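Per TrEMBL, these features apply:
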type	residues	note
REGION	1-22	region 'Disordered'
DOMAIN	25-158	domain 'Molybdopterin cofactor biosynthesis C (MoaC)'
BINDING	85, 86, 87, 121, 122	substrate binding site
ACT_SITE	136	active site
């Protein structure tokens, strides 16, 4: 039998971010802070004309890789402003790496905190915001730029334990 307020079966796991069918932010005040780390990646796939402009240093708005690094760092710190049910947590460390690969631009972010909740969303937001900034910086060279491959690579700490994503080949 399902609960009319949530629509969930009584045997099904309960949704933590809903009460009486309405969204809420979970109270984490009783959880002890612990050290947590998350690493994520994203790809920006470039058409030939965008790649050529980047390699030649002929990008109309400046250095897209440098801007992407900074954008990713800011994105990690502003995650709670963008993801509605995400707790604002202290980002105690963040690194964003942006590199040109054969498949396109590869972006990784590692984010750390000591908090009662994890930093997976901060790492994912960092790489996504960085990728969006690459697109913005290069869109004058082509509208066919694609963003993809956004995923969590690893996490440590917290109740759910550690996670390591399976290997995946870059996509063209």
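Each residue, glycine too, has its Cβ placed from N, Cα and C.
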Of 85, 121 (the binding-site residues), the residue whose Cβ has the fewest other Cβ atoms within 10 Å: 85
Among 122, 136, the one of these recorded positions whose Cβ has the fewest neighbouring Cβ atoms within 10 Å: 136
Substrate site shell beyond 85, 86, 87, 121, 122, criterion: Cβ within 8 Å of Cβ centroid: 79, 80, 83, 88, 89, 117
Residue distribution over DSSP helix, strand and coil in the domain 'Molybdopterin cofactor biosynthesis C (MoaC)' (25-158): 45 helix, 44 strand, 45 coil
Spatial separation of residue 136 (active site) from residue 86 (substrate binding site) - C-alpha basis, Å: 26
For residue 87 (substrate binding site): intrachain residues, at least 6 apart, with Cβ closer than 8 Å: 25, 26, 28, 80, 115, 116, 117
Residue 86 (substrate binding site), number of other Cβ atoms within 10 Å: 17
Cα-Cα distance linking residue 122 (substrate binding site) and residue 136 (active site), given in Å to the nearest integer: 21
Pairwise C-alpha maximum, in angstrom, for the residues (85, 86, 87, 121, 122) that bind substrate according to the record: 13
